[in-house]
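**Q** Pasting the feature list from TrEMBL:
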| type | residues | note |
| --- | --- | --- |
| BINDING | 262-269, 288-292, 310-313, 379-382, 398-400 | GTP binding site |
| BINDING | THR269, THR290 | Mg(2+) binding site |
| COMPBIAS | 1-19 | compositional bias 'Polar residues' |
| DOMAIN | 256-420 | domain 'Hflx-type G' |
| REGION | 1-32 | region 'Disordered' |
Amino acid sequence: ISSRSFSVNTCRSKNSNSDLGGESQDPEDDLLEDGDIDQLIQQQITTGVGDQDHRVFIVHPEIKWGQRKQRLTTAALQMEEAVGLVSTLQNWTVVDKIIVSTKTPEKRRIFGKGNFQALTERIRGLPQITAVFVNVERLAPVTERELQEAWGLKVFDRYTVVLHIFRCNARTKEAKLQISLAEIPLLRSQLKNDLANLDQQGGGSRYIMFIHAGETFMEVQQRLLKERELKLRAALEKLKRKRCLLRSQRQDRDFPIISVVGYTNCGKTTLIKALTGDAGLQPRDQLFATLDVTVHAGQLPSHMTVLFVDTIGFLSQLPHQLIDSFSATLQDVVHSDLIIHVRDISHPESLNQKVNVLNVLKNLQVPSRLMDNIIEVHNKIDLVDGYQPTEPNIQPISALKGQGLEVLKKRVEDVVLKTTGKHILTIKVDLSSSQLSWLYREATVQEVGVVPEEGTANVKVIISSAAYGRYRKLFQASVLS
């Protein structure tokens with residue numbers, strides 16, 4: 001297995017400044033100097049996409065009726081998203097696309113005999129294509145093999161394409177390890193396909209050094225994959241502990257943490273840049289431009305400092321195994337004080353996207369205290385002629401144009417005060433002591449009214465219960481209001 005390594009440097013996403021996304025490295029990377037982890041990353045295994053560019057033919061199977069029929073979207077919109085996925089990858093192009101009806105999506109060839117024959121003829125009539133993207137969540141190994149034999153081309157499903165995009169956009173070691181873990185189920189499903197071609201390729205000899213007495217090639221591959229999976233999980237657990245430490249350090253500083261979530265390419269990074277003024281953020285108009293969680297400090301109208309967490313974008317029909325692999329990263333959402341759900345309200349599938357995001361949050365077991373206080377943001381209202389809110393308690397904005405941001409900040413502040421139990425107090429301090437400097441360091445000072453004749457000041461602060469308790473132990477507090 002290790003001989004079939006995949007080089008991350010061959011991955012390129014459109015509009016990126018480098019092969020790993022063009023953004024600055026996450027500060028957590030500095031903590032992850034570990035030879036074993038580095039070796040695991042270097043031993044990435046190809047999952048069938050390879051390192052070449054592709055000219056792609058997209059096939060979308062449209063289920064006309066039954067439980068598997070999509071109710072909140074259309075085949076045309078699903079095809080549009082599939083085109084977007086392929087177009088995200090540099091030097092990948094869509095040569096042609098087709099929507100094909102099917103009554104039997106569970107069959108080995110997905111389509112009925114007539115439709116499959118017509119589809120095969122169309123594919124064979126396009127000699128320039130190098131791969132076929134079947135726009136379904138996962139293809140069964142036997143289906144993938146039959147389609148590849150029938151068409152003489154590589155065949156990808158959504159899992160394979162999305163995983164390849166993830167790999168191309170990964171920057172931190174944690175993201176790369178999570179991608180390697182997500183590849184394991186895909187590699188397991190390909191074992192039978194690989195073994196079917198093993199003798200023809202003369203590839204069996206490469207496994208001889210790994211064979212234990214009485215093992216078949218299938219058992220060798222399964223064992224090596226299991227060993228790799230255990231090593232990846234152990235490495236991720238180590239990084240998870242470091243992430244928990246960093247999270248606890250942020251919490252010790254008493255900064256409220258606000259997770260910004262949403263469907264991929266909805267404008268999360270653009271919004272955080274607008275709220276924080278962080279010039280280091282470079283939003284890109286592409287799917288999964290953000291793959292690693294990053295944290296950015298900003299101030300609310302009261303001058304209270306908060307931390308905005310930029311998260312990976314969600315996608316419909318994203319396999320649970322892929323989400324599970326990124327659960328360590330997404331745990332930052334579970335431990336936040338507030339969630340902002342950003343929706344691209346100009347997108348025709350905005351409602352369907354909302355359902356998908358809420359389902360992912362539910363699967364992450366986000367506590368009800370967070371789910372009940374989500375702030376839903378309708379972004380890109382500048383792209384909707386005559387926009388009028390159709391749902392209650394939403395915040396309409398244009399992150400790019402700066403519309404509605406001040407109202408959003410005030411709403412965020414109100415909810416943060418409610419959810420964190422912070423208080424607005426006016427405290428009388430002795431200016432000859434260190435009280436005022438302590439409050440500046442441990443709380444959010446809003447106003448200072450000096451009383452010269454007394455040598456005191458009335459200080460209006462936003463302070464947590466814990467910080468105020470510490471203050472009272474250090475000083476004899478005089479609370480005016």
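Heads up, the Cβ atoms here are built off N, Cα and C, so glycines get one too.
TrEMBL labels come from automatic prediction, so no person has curated them.
What you see is a predicted model, and the numbers here were worked out from it, not measured in a lab.
Tell me about the surroundings of these features in the structure.
**A** The C-beta environment of LYS380 (GTP binding site), restricted to residues of the same chain at least 6 apart in sequence and closer than 8 Å, consists of GLY267, ASP344, ILE345, SER346, HIS347, SER398, ALA399, LEU400.
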**Q** Determine, to the nearest whole angstrom, how far the Cα atom of ILE312 (GTP binding site) is from the Cα atom of THR269 (Mg(2+) binding site).
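**A** Their Cα atoms are separated by 10 Å.
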**Q** Looking only at Cβ atoms, how many others are within 10 Å of the one on ASN265 (GTP binding site)?
**A** 22
